[in-house]
Structures are given as structure tokens and as C-alpha cells.
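Novice: Okay, so TrEMBL annotates it like this:
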- A:1-21: region 'Disordered' (REGION)
- A:27-104: domain 'GDNF/GAS1' (DOMAIN)
- A:CYS34-A:CYS40: disulfide bond (DISULFID)
- A:CYS146-A:CYS207: disulfide bond (DISULFID)
- A:146-226: domain 'GDNF/GAS1' (DOMAIN)
- A:CYS153-A:CYS159: disulfide bond (DISULFID)
- A:CYS170-A:CYS185: disulfide bond (DISULFID)
- A:CYS180-A:CYS226: disulfide bond (DISULFID)
- A:CYS209-A:CYS214: disulfide bond (DISULFID)
- A:CYS236-A:CYS308: disulfide bond (DISULFID)
- A:236-332: domain 'GDNF/GAS1' (DOMAIN)
- A:CYS243-A:CYS249: disulfide bond (DISULFID)
- A:CYS260-A:CYS278: disulfide bond (DISULFID)
- A:CYS270-A:CYS332: disulfide bond (DISULFID)
- A:CYS310-A:CYS320: disulfide bond (DISULFID)
- A:ASN342: N-linked glycosylation site (CARBOHYD)
- A:343-376: region 'Disordered' (REGION)
- A:ASN399: N-linked glycosylation site (CARBOHYD)
Amino acid sequence: DEILRSLAGPPSPPGQDPHGWRVPVDCVRANELCAAEPSCSSRYRTLRQCLAGRDRNTMLANKECQAALEVLQESPLYDCRCKRGMKKELQCLQIYWSIHLGLTEGEEFYEASPYEPVTSRLSDIFRLASIFSGMDPAANSKSNHCLDAAKACNLNDNCKRLRSGYISTCSKEISATEHCSRRKCHKALRQFFDRVPSEYTYRLLFCSCKDQACAERRRQTIVPSCSYEDKEKPNCLDLRNTCRTDHLCRSRLADFHTNCQASLQSLTSCPGDNYQACLGSYAGLIGFDMTPNYVDASTTSITISPWCSCKGSGNMEEECEKFLRDFTENPCLRNAIQAFGNGTDVNLSPKNPSPPVTLPPKTEKSPALPDDINDSNTMYDTSVITTCTSVQEHGPKLNKSKEQSLCYSETQLTTDIMPDQKTFVDQKAGGSRHWAGRILPVVPTLLLKLVL
Amino acid sequence: SRRKRARARHKPCALKELEVSVSELGLGYESDETVLFRYCSGTCEAAVRSYDLSLKSMRSRRRIKKEKVRARPCCRPLAYDDDVSFLDAYNRYYTINELSAKECGCV
């Protein structure tokens, strides 16, 4: 108790907010708090020495080690988490695993994510995606969303620079024997996904395709010949072990398992119906040993896998298949990718309505919306059409009334919105540079168009 | 409106940009990918130096006869943009450097 109170920083009067110190801090900060407290820092030092080069059982056989672990479980170090792309991310993760490897068996199938949970739904990205897919004049015939995504990236200086950065690194031949530097390629890919806003990176990675040229472009996004494929396909469990020796890879994999694990409780099959979190942890795996990718250029079925197989699993075959299925046959991941491609996020939980969106004052001309469509992304564009179809695709999981109301709104909105849509397309043909070059101004323009 | 057009043609040297497909660049690549092409455009009247005036004078006095000289500053890139990478129609990646201007000046 003495330790706990001292770790809490300035002593607070007894009884006031007894758990206040439990507010999660990042592990770098927790480490600083611990270092400022002699008894915590000495236990932490002991524990690190215990863990160094020893397995968990050997460590726990030592009484001193056991005591150190028990004390540290009550310190802020135990609850601490890290943020993706934070300063000192690696240091933070090293601290996290130094405690948690001592706490778990170390051989668990799923590990808890060391990253802070993604709480915001960030539906903005989905809304943007829906505007892109909905407003394209040729959306229903021969448009290539992956090509559009490349265009959007090329017209943004930051995205263009970092995309060209990884493409040139990943396609640079080193010598006759060495096709490319995989290490440098992975590093450049990580920089791209860390530093470019996800409205660009997700569009490139998860664009929806109707033909093979598009799907092949999507598969090529990460330059798989260098970043993904290898001479041999290792066994997936071996690959997992390699990944787990690296703190960053281990953390990203744990994060993927936390956010993309298929769940039977939710309608979308995703934990907390949070597509964003799943897509984010998927993208977070790119540039590590466990880099996933589309296995082929199929337009009808999306199959994702890391570069591994279950050959040579011995008596671990079942575990290997289970591990691989979380990529290849994962309904959460597949739904999330398809929903992003179609520009449809879900808002299925009435308990947590999405925050109100600032809308221009409604006029008589703006389309009447059924009350139950409160997710902003279905409001003011033609993507409502895709919302309807995609809901029908997931049909069996949704109840009938929801399905009907969404489809009803399709016909209503399509007829209501048509004249306005036409004006927008005309304007776009005249000055395409203006809306395609800069993404954010599109939204106000679009809103204005509908109001006028 | 004629005056307006005239003024537009005599804009000082500056960076301008155009959205073009990679195929349109005429470099032999086949790709529908769109890139931003920035170029230098405009006049350099304000940048005429004694050098240019004197060179002109030498030429008119036939002191310089057969050589090719340029007695006017010229609007050109002072720096080029970073590399541009793209995927071509045969799913191969290419990187072009010094494709696009970054900064323009009268030189």
C-alpha cells in the first residue's frame, strides 16, 4: 500500500478517488513513475534480471523473482499501454512485455494487445470513402477504385512522397542474387502506414474491385514481390515464433488478434462492431514478418494470408490451421474490408449513437430521410445504394425491419437526389482538379450542392 | 477582355500544375495512374540584367556572329520535386526522378 500511494504521485487525502491512479498511463511514463520510487524501481530491476535469458518457470522458481512480480502487478506498470506510432514506441513495448511475459505462460494462442483500445469510431474515413465511391460518375460501370486511390495519393505531396519512397526502395535491385532489400522495404512500408493519414492508406489497401486489373493493382499495393513473397513458405507457427521474438511484431500481432478476432456476439463479426480498429491493426502488421496480403487477384472473394502454410506442422496441425484461419477465413476482417470498399460503416448499436454531425440547415429540397438512418455516412450521397446492397449481403445476420427500411430509403433517396447529383457531375467535369486535388473541401461543396 | 488575356500571357515566372496520366508524359510508360505535373511558366522581364543588355548590344554590333547565345533570362525549374513512383499497365513499378518542378526562377 505504501508503494501504491507513493506511486500515485502527490499524496491524496484518504478516501478520495482511491482508484484514481489506475487511469492507464503509457509504459514509458509508468516506468518514470516507478523509477522515482526506490522500492518499485528495485523490484522492477530484479524482475528484469529474473526474466533475462530464462523461461517463465525457471524464473518463478526463484522466490525473489516471484515477490518482485507480485509487487509490480500492483504498480502502474502493470496497467500501462502503448500507442501506435507514439514517440519511443519500441521502448514502451519493451517495458510492457517485460512485465507481461512474466505474467503469462508466454505460449498463449491469443495475447492481449499492448495498445490502447481504439475508442473513436472515426466514421469520417468511411464517410469519405463513401463519397468517393458514390460520387464517381462512372461508379457503376468501369471505374477502378484502386486507380482512384493511387490518384488521390499522388495528388497529395506527403502521400506521394512516402508512397514513392517505399515503392522505389522495395523495387530496387541489390544484386543479381538479391532481388531487393526486404529489411529496408519493410521499414519504408512502416513509415508509409505510420505517417500517411489512413484516409489515403486505407483507400489504397482496401479499395473495392469489379475487375481483375483493379484487384491485381490492390494486391500489388505493398510491392509483394519484395515485402511479402519469399523463396520458401515457412510454417505459420514458426513464423509466429519469429514474430514473437520481436517486440513490435509481437505487439502488432496481438493487436490484430484483439481487434479482428471473429466474434459471434456482434452482427458484423467484429469485436464491438468496430471495423476501424480491425482495419487499423491489419495495416499495423504490414512491414513485419507477419505481413499479410491478398493471396490472389480475385474480384469475387477476398482471401488474406501471411506468407506461410501449415505444411510440416506435425502434431500442431490443428493449432496452425486455427492460426491461419484468422487471416484466410475471418468474417470480421472480410466484412471490414468490404464495408470500407463499399463506403459503408455500420451503426448498429442504438446505445451508442454516433456524435451529431454538423449539418447545414435543412431546406425543403434536401432529401427526406427515414428516422432510423442516423449514421451520417448514409445521409447525403448516393452511397445509400451500396448501403442497401451491402446490408443485403450480410442479410441473414440482420433483422428484417432494418433491412427493409434501408432498402426503402434507397428508392426514395435515389429519386430525390438525382437532379442534384447531375449538377455535381457536370461541375466536376469542368474543374476536376479542384475536388480531386484536395480531399477535404469536397464535403462542404457537396453539402452546399444539396442545399442549393 | 483583350487586356485581361494579354495580362495573363505576361504573368511573371511561377510554378503551375497539371494533372496528367503517366502515359501522357510521353516517356514511354503505359499507365493510367494520374500524377501531378508541376512546371515553370511566365515571363522574366523583371530579371533582365546588364549581362543581357550588353549581350544584345554585342550581337547587334555583330561582335558576336555565329554563336548561339541567349540574351534573355529564361523561366526554368531551380529545383525538382521528389521521385514519383507508379504501377504500369503490366503491374510493374517504376520510379521517375526529376519529373516535376519544385521551384521556378529566371536564370
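Note: Cβ is positioned from N, Cα and C throughout, glycine not excepted.
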Novice: What Cα-Cα separation, expressed in whole Å, is found between A:CYS249 (disulfide bond) and A:CYS236 (disulfide bond)?
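Specialist: Taking the Cα atoms only, A:CYS249 (disulfide bond) lies 14 Å from A:CYS236 (disulfide bond).
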Novice: For A:CYS260 (disulfide bond), just count the other CB atoms lying within 10 A of its CB, please.
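Specialist: Excluding its own Cβ, A:CYS260 (disulfide bond) sees 29 Cβ atoms within 10 Å.
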Novice: Taking DSSP states H, G and I as helix and E and B as strand, how many residues of the domain 'GDNF/GAS1' (A:236-332) are helix, strand and coil?
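Specialist: Split by secondary structure, the domain 'GDNF/GAS1' (A:236-332) comes out as 53 helix, 7 strand, 37 coil.
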Novice: Sorry to bug you, but what's the C-alpha spacing from A:CYS207 (disulfide bond) to A:ASN342 (N-linked glycosylation site), rounded to the closest Å?
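Specialist: A:ASN342 (N-linked glycosylation site) to A:CYS207 (disulfide bond), Cα-Cα distance: 8 Å.
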Novice: For a three-state summary based on DSSP, what are the helix, strand and coil counts in the domain 'GDNF/GAS1' (A:146-226)?
Specialist: 57 helix, 0 strand, 24 coil
Novice: Which residue counts does DSSP give the domain 'GDNF/GAS1' (A:27-104) for helix, strand and coil?
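Specialist: The counts are 58 helix, 2 strand, 18 coil.
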Novice: Please tell me which one of the disulfide-bonded residues listed here (A:CYS40, A:CYS153, A:CYS226, A:CYS236, A:CYS332) sits closest to A:CYS278 (disulfide bond), measuring Cα to Cα?
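Specialist: So, of the listed disulfide-bonded residues, the one sitting closest to A:CYS278 (disulfide bond) is A:CYS332.
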Novice: Quick one: pull the CA-CA distance for A:CYS270 (disulfide bond) versus A:CYS153 (disulfide bond), whole Å only.
Specialist: 28
Novice: Kindly state the mean pLDDT of the domain 'GDNF/GAS1' (A:146-226) in the predicted structure.
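Specialist: Computed over the domain 'GDNF/GAS1' (A:146-226), the mean pLDDT is 95 on the 0 to 100 scale.
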Novice: Tell me, in order along the sequence, which disulfide-bonded residues from A:CYS34, A:CYS146, A:CYS159, A:CYS207, A:CYS332 have their CA within 10 Å of A:CYS214 (disulfide bond).
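Specialist: If one measures from the Cα of A:CYS214 (disulfide bond), the disulfide-bonded residues that come within 10 Å are A:CYS146, A:CYS207.
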Novice: Taking just the CA atoms, what is the gap between A:CYS153 (disulfide bond) and A:CYS180 (disulfide bond) in Å?
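Specialist: Spelling it out, the Cα of A:CYS153 (disulfide bond) and the Cα of A:CYS180 (disulfide bond) are 24 Å apart.
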Novice: Sort the disulfide-bonded residues A:CYS146, A:CYS207, A:CYS209, A:CYS243, A:CYS332 by C-alpha distance from A:CYS34 (disulfide bond) and give me just the closest.
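Specialist: The smallest Cα gap between A:CYS34 (disulfide bond) and any of the disulfide-bonded residues is with A:CYS243.
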Novice: Please report the distance from the Cα of A:CYS226 (disulfide bond) to the Cα of A:CYS146 (disulfide bond), rounded to the nearest angstrom.
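Specialist: Counting only the Cα atoms, the answer is 20 Å.
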Novice: Counting other Cβ atoms within 10 Å of each residue's Cβ, which of the disulfide-bonded residues A:CYS40, A:CYS170, A:CYS185, A:CYS209, A:CYS310 comes out lowest?
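Specialist: Lowest Cβ count within 10 Å among the disulfide-bonded residues (A:CYS40, A:CYS170, A:CYS185, A:CYS209, A:CYS310) is A:CYS310.
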